[in-house]
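Trainee: Just dropping this structure here.
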Amino acid sequence: MSNHMSIMKFLNQILCLSLILSISMTTLSFAQTCSKYKFSSNNVFDSCNDLPFLDSFLHYTYESSTGSLHIAYRHTKLTSGKWVAWAVNPTSTGMVGAQAIVAYPQSDGTVRVYTSPIRSYQTSLLEGDLSFNVSGLSATYQNNEIVVLASLKLAQDLGNGGTINTVWQDGSMSGNSLLPHPTSGNNVRSVSTLNLVSGVSAAAGGAGGSSKLRKRNIHGILNGVSWGIMMPLGAIIARYLRVAKSADPAWFYIHVFCQASAYIIGVAGWATGLKLGGDSPGIQYSTHRAIGIALFSLATVQVFAMFLRPKPEHKHRLYWNIYHHTIGYTIIILGVVNVFKGLGILSPKKQWKNAYIGIIVVLAIVATLLEAFTWYVVIKRRKLEAKTAQHGASNGTRSQYA
């Protein structure tokens, strides 16, 4: 009974520590700095917004009577060989349909600035006319900062209370060729809605326009909890809880419940991944996708193999056990690897990755301690049974669920 209580205490510690680490998040607030900025050209704008990603700022003056929008887009903290873009999307949120202004420094010290309509995810940002008139287009590059100035002639009646969809972006260059921007982290978050009258800006997803980022987060949470935490925890329960005789057959049902729950949640996460892939034809994460498909396939085989599990005394039970353990540990390894792959794609705040690393470290430490404790209990039990057994034939009663 004491052995059983010790193991249960370890498992409770796993659950508590996992919960604490998973909710240990901090909120990052953005300091308003655009209002203090002074343009060298003495330009003055009525309003400004600190954009939440990519170290960017938008200064603007909106004339609702004429539909004229005068803007200064500032992109700071740039390294050499970078291009930047700011766009209005008249038809939807996001990249496709955006009417962009693109700028990048040239080798002669000047800045090339031009307009580019974006019609697909495979855009090369070629120069072209926008769906509205643009005048006064210019750009400067100084102190690792590009400033783009332009006047846009929007519709006098925007039809949605003066709100526009905006997108801003940056990427690397090869010579004078623009390379695709990164497809993870802040580069996929840089969309928002802006009310030109009130000056209120909000993330596009929060405004109801685009739910892609929210779907990515849901996908990550579902798969992180299922494949990355519950699957390893279920394996720990099966391996170490059954050493306590009083836990037989409870350990088996706890193990099945944990793994079945992980599978159901994991399938939901896998399905959201397929949906995200279908909604983003120009964005591919081949390794992450391949591991995800392999995980789903192996886990599905593992679930259905339970219906073919021989009885403990059957001659084929040994082979089934070898298969079950091999597939199970493969799923755990692939699951953890793919969670880290997903974190690399999402590029969330550092606390998320640190929290997951903490959970995995805790699980690994607990598993190591339980492994040593289990061997101690088993060896001690066998010695005791050898002393008390008649004719040396008794090696303990085997669980029918093992």
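Cβ from N, Cα, C; glycine included.
What Swiss-Prot lists as heme b 1 binding site is H219, H288, and the listing cites similarity to another entry. Residues annotated as domain 'Cytochrome b561' in Swiss-Prot: 183-379. Here Swiss-Prot flags 1-31 as signal peptide, drawing on sequence analysis. Here Swiss-Prot flags 218-238, 250-270, 290-310, 326-346, 359-379 as transmembrane segment.
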Trainee: Taking the Cβ of H288 (heme b 1 binding site) as reference, which residues of that chain separated by at least 6 in sequence fall under 8 Å from it?
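Mentor: The list for H288 (heme b 1 binding site) reads N338, K341, G342, I345, given in order along the sequence.
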Trainee: Return the residues near H219 (heme b 1 binding site) by Cβ distance under 8 Å, restricted to its own chain and a separation of at least 6 in sequence.
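Mentor: Those within reach of H219 (heme b 1 binding site), by Cβ under 8 Å and sequence separation of 6 or more, are G269, T272, G273, L276, G342.
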Trainee: When you scan the chain for residues with a C-beta under 8 Å from the transmembrane segment (218-238), skipping those not six or more beyond its ends, what do you find?
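Mentor: For the transmembrane segment (218-238), the list is 11, 14-15, 18, 251-252, 254-255, 258-259, 261-266, 268-270, 272-273, 276, 292, 295, 328-329, 331-332, 334-336, 338-339, 342-343, 346, 348, 356, 359-360, 363, 366-367, 370.
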